[in-house]
Amino acid sequence: MPAFDPCYTLIVLAGGQGSRMGGCDKGMLTLGQQTFAELLVHRLRCSAAAFNPGYGPVLISANRNQQDYGRIGAQVCADLRPDFQGPLAGLEAALSRASPDLPAVIVPCDMPLLPDNLPAGLLRSVMADQRSVAVLHDGHRRQHLCLALWPQSALFSIRQRLDENQRSVAGWLAGQLVADVTFSEESVGALPFACNINRTSDLAQLPG
């Protein structure tokens, strides 16, 4: 059976304030010699992009350090709304720039251990039904910012939620046709693959 490898847009959400880590830009934190954003882009972008840079674009939602993110080889999108309105606003900005003809895989910048088979696992559901939103389930709970969807199907409802000052991604997902995609538990060092690096103590547990 041929490998399941559709073309898709990779979106990395890196527009937050990092308030639980002293205001740092978490996408610029490093693991080894690479930033979190670089690690995720290199691991998760469409494999065809290695042979054709125009195939399988990468978008990074970022409100700071935009030149640094641009050097990764991504299009950088600032929020369309003021005052750091959260990941749903970052998703709105990125989806506004994404191709309507490609599904999108979305990940947060603070999950640097996500596996390279994540896009294929999420995309199977949305390729079967373009109305659906595929969400990573790590065996314990949904990871609300690890998604696959079709931009045009999602953008209207996201804008509507934000216009109503409803900023919760979980709240938005509650109104969508959601397909949970469960990945088996894997660990790297002391942390599970789906761990969010939210505090300096999490950062200290990363391997290498």
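Including glycine, each Cβ sits where the backbone N, Cα and C put it.
Heads up, TrEMBL stuff is auto-annotated, nobody curated it.
Under the heading domain 'MobA-like NTP transferase', TrEMBL lists 11-169. Here the domain 'MobA-like NTP transferase' (11-169) has a mean pLDDT of 90 out of 100.
A C-beta separation below 8 Å, combined with a sequence spacing of at least six in one chain, links LEU13 (GTP binding site) to SER61, PRO87, GLY90, LEU91, ALA94, ILE106, VAL107, PRO108, CYS109, LEU145. For LEU13, ALA14, GLY15, LYS26, ASP79, ASP110, the entry in TrEMBL reads GTP binding site.
DSSP assigns ASP110 (GTP binding site) to coil, not to a helix or a strand. In the structure as shown, the Cβ atom of ASP110 (GTP binding site) sits within 10 Å of 24 other Cβ atoms. According to TrEMBL, the feature Mg(2+) binding site maps to ASP110.
Here the Cβ of ASP79 (GTP binding site) has 20 other Cβ atoms within 10 Å, regardless of which shown protein chain they belong to. Take LEU13, ALA14, GLY15, LYS26, ASP79, ASP110, the residues named in the record as contacts for GTP: the widest Cα to Cα gap among them comes to 18 Å.
Its own atom aside, the Cβ of GLY15 (GTP binding site) has 27 Cβ atoms within 10 angstroms in the protein chains shown. Looking only at the binding-site residues ALA14, LYS26, the densest Cβ neighbourhood within 10 Å occurs at ALA14.
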